[in-house]
Each structure stands twice: as structure tokens, then as C-alpha cells.
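As annotated by TrEMBL, signal peptide applies to 1-22. Marked as domain 'FAS1' by TrEMBL: 35-182, 187-315. For 331-343, 401-412, the entry in TrEMBL reads compositional bias 'Low complexity'. According to TrEMBL, the region 'Disordered' annotation covers 331-441. Summarising the annotation, TrEMBL assigns compositional bias 'Polar residues' to 352-390. Taken from TrEMBL, the feature compositional bias 'Gly residues' applies to 413-433.
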Amino acid sequence: MKFSLTVSALLALAASTQSAFATEFQNLQLRQGGDVNTLLQGLRDNNLTSLANVLSQHPAVTERIFADNSEKLLLAPTDEAISKLPSWVTSNSSRLEATLLQHVLRGNFDTEKLNAFPLHTIGHSLLNSSEFSNLPGGAGQAVALAKSGDKHFVSEAVNNDTYVQSVHKFDSITVQPIDQAITVPGSVTDTLRFLGYTGISTLLQNVQSGALARTIDSMAGVTLFVPTNDAIAKFVATQPNPAEIPTVLGQHIVASRVVYSPLLIDQGSLISSSGQDIVFDNNAGTVKVGNFTAKILKTDIIAQQGVIHQIDNVLASTALDTGRAAQAQKSAQQSVDAQKAQSLSGPVSGKNAITTQGTDVPQAQQGSGANNRSANDNTDNAGSGQTASAIGNGTNGNNGGASQAGSSSNGNGSNGTNGNGNGNGSNGNGNGNGSNIDHRGQNSAVSLRSVSIAGSAVVLSSILAVVL
């Protein structure tokens, strides 16, 4: 049997099909455009016109915001804040879009439950382009939130972007105005230079002809404990064995992991890239490697590859165990779940973090005081609601308070002066994961020269000349 259609029938069928597709497309467009338009109009109605205008000119950003119906927090710069965006941001479309995405966090962040400064509540943004964020699993770049008294803010390396005006809700998007725009972070080494951490910057650039610095900047996930310039100067003044300097620097690096301040409590276990236990003491606000202890002065300085914490002393242990470092790093890398990392919602805690110590963590070293534990034993207590910490009261520190007694291995410590005691003072002080960085110090000929100290700064002129 043969079937035939007249020309008029074909035209009618085509018109019907086209109409159906057009109707469906229009419905889709209305659904998506309605969400976007509601947000943009809401911003304009609440004196956030400049942000609305910028978003309307960058549909790629709003498409990301409304790609799903999950809750999100839009940290919305005021009109004045938008007007102060530098030209190197506004003139570069990709950087401007990256900046906008950095202001959108996945999940719900209860203002009253933010961790008290100098601790932070950490959220991950929609910015996961490898050009601007090189975190494990392709996770979005982090943003640090905190409160101090009745103030709430985004905590950046230099500025605090304060919450202002009232919060607004549009569908699944919570809008919190802030008085300054967030800066997309640079690489670890660029961040160190920008902040004036010249001591560690010079050491990293000169050891192994800059190989260590390049390794850090290439890592997908790194935690760096950075001594102050004074601390580096005092260390160099002791005339350390040049061949052991790479090992000493390695004690300050945890590779393939991003250990934000809540994770120092919730995850605990840390192993340096020199293979040594890094023991965190929440009661004292310190980290310790071997016989060397340093006070944590500042936490959660966000960088493209991870996070930086400033400390007041050099962890000058020369002990090296590349096997432990390699095992720890491998365990950490195997813990990464890309799907989880890219969809992480709400405050970061020990159980939902993009990286953990994994389940093959080396046993604690004898006498280290570490309490190495598998990632299965991580907790989720410190992501929000922390009101006290001993962090920030070091030699050159500020903001922290002296911790008082009253914290046991799993107990809650008491508050110290100015509300800065210890909270959740667990001895979750063990190992995490280091890296098998090339410690070719034994094959290096290094000379120390031209080291002087001027005030609190280190004037280093060619500290190290390295011949590999």
C-alpha cells in the first residue's frame, strides 16, 4: 500500500509541528526569563541597579545562576561598589564574569550561624573555570564569611566586605548586599607577593631555582602555612643548613588538600609535604611539627589553588619521610569526588569538604601527639556556629584571645578574653596529606648571603643561590 500526502497536507503538518515547537520554546523562555527577570527587577527595586545592569549584559552568568533550582546566596555589591570595580576587571569580559560568579555561593548561609572571626564559614562559589580556580574536582572557588559582634562580612586577604541593607529573597536566590565587590584570587605565589610576604616568597622563588614555587602554583589543591617576614628573618639568621631548607619549607605545605579553618577542627589529620605530622591545637590556636610550634595569626587567605594561613614562627623541622608524604597525598587525591566537589552546597565541614585525608592515612608518628584518623571519622561541627577560637594571638597577631582551660579531647572549651577562647577544642590533631615534592636539598649547593632585618620586614637580597 502506498501513502501519499498532498502539498497542502505537508504544509499543514509542518505548520503544526513548528507551532508546537514554538510554543514549547516560548514556555521554556518564559520560565527561564521569568526567573532572571524577577531577580533583575528585584535588584533594581532594592537599589542594586548597577548589579542588575551588569548581570543583564552577561547572560552566561545568569544562565549559571538559574541552571538548577538549588538555593544560592548572591553577595550583591552595592551601586557604589560596582562603580569602584577596577578597569582591569570591567574591561575584560571573562574576568568580569568570573568576578560575578565569585559572588554566588551554593546553598543556605544563615547569617546568625556564621563562624566568629578569626574563624570563618566557607562556601564554594559558581566560579570553577580553571583559569581562576584550580581546586580538586573542579570545585568552585571559595569565599570566607564571618561575623564579629553584630557585623557580618566577607573576609578577604586585605578587605572585609561588610553586609549592608536588608536581605532579599527571589525564588531560590537569597540576595545579601555588600559594600565592596569580592576580588577573584590570584595564584598562591602572586597572593604572597601582593600581601608583602617577602620572606617566604623569596625562599620559594630561589629554592631549586623556583621549582618549588612553580610546583605549588600547579597544584590542584594546596594548604600553605606561611611564617611572617620576621619569623623568616630570624630563621635565616640562625644560618640553617642550606641543603635542608627545601625540607623545612615542605613542613609548611599540605598538598592535594584545601584545609580551610573549619577543617582544622573537623578533619584534623594533616601530613606535611616533608612527610611529618602537623598537629593542630585548637585550645592554643597553634600548629606543631616535631619540636617546633607556631601560633596561627590569620586564617583562610583564599588563593587560586587553595588556602593560606599565616603563622608566627618557622616550623623548622628537618625530618623528611617522602614515603609518608607520597602515601598521604595519594590518599587525599583518591578521596576527591568531582561530582560532589562541583555541587557542594552550604557551609564547608569535615564531612562535605572537597578534599579529605582519605582512608589510607599513614599512622601517627611516635611522639608527635597526632591523632591520625580516617576520613570516615571526620566531623561536621565546625562549618558554622563557632563563637570562639584561640587563633590570632601570636607574636605579631591580633583579633584572637587567650584560651582558657577546659577543653578535653572531645570536649568544648570555655570562652577566653573578649569571647575568644576555644570552641570544639578536640584533639583531632593528626595527619592529612602532604606531597611528594622533590626535596633535592641533599644534592643542592646553596649559599646564604645579604640578609638583614629592617623593622618587621625582611630585606632579602639574593638570600639563596641554588645550584641543582
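Quick reminder: no glycine exception, Cβ is built from N, Cα and C everywhere.
Just so you know, TrEMBL annotations never went through curation; they're auto-generated.
The shown structure was predicted, so the numbers you read here are calculated from the model rather than taken from an experiment.
Proximity of distant same-chain residues to the compositional bias 'Low complexity' (331-343), defined by a Cβ-Cβ separation under 8 Å and at least 6 residues beyond the stretch ends, is recorded for 106, 128, 135-140, 221, 255-257, 352, 354-361, 375, 432-433. Break the compositional bias 'Low complexity' (331-343) down by DSSP state and the numbers are 10 helix, 0 strand, 3 coil. Predicted-model confidence for the domain 'FAS1' (35-182) is 96, expressed as mean pLDDT.
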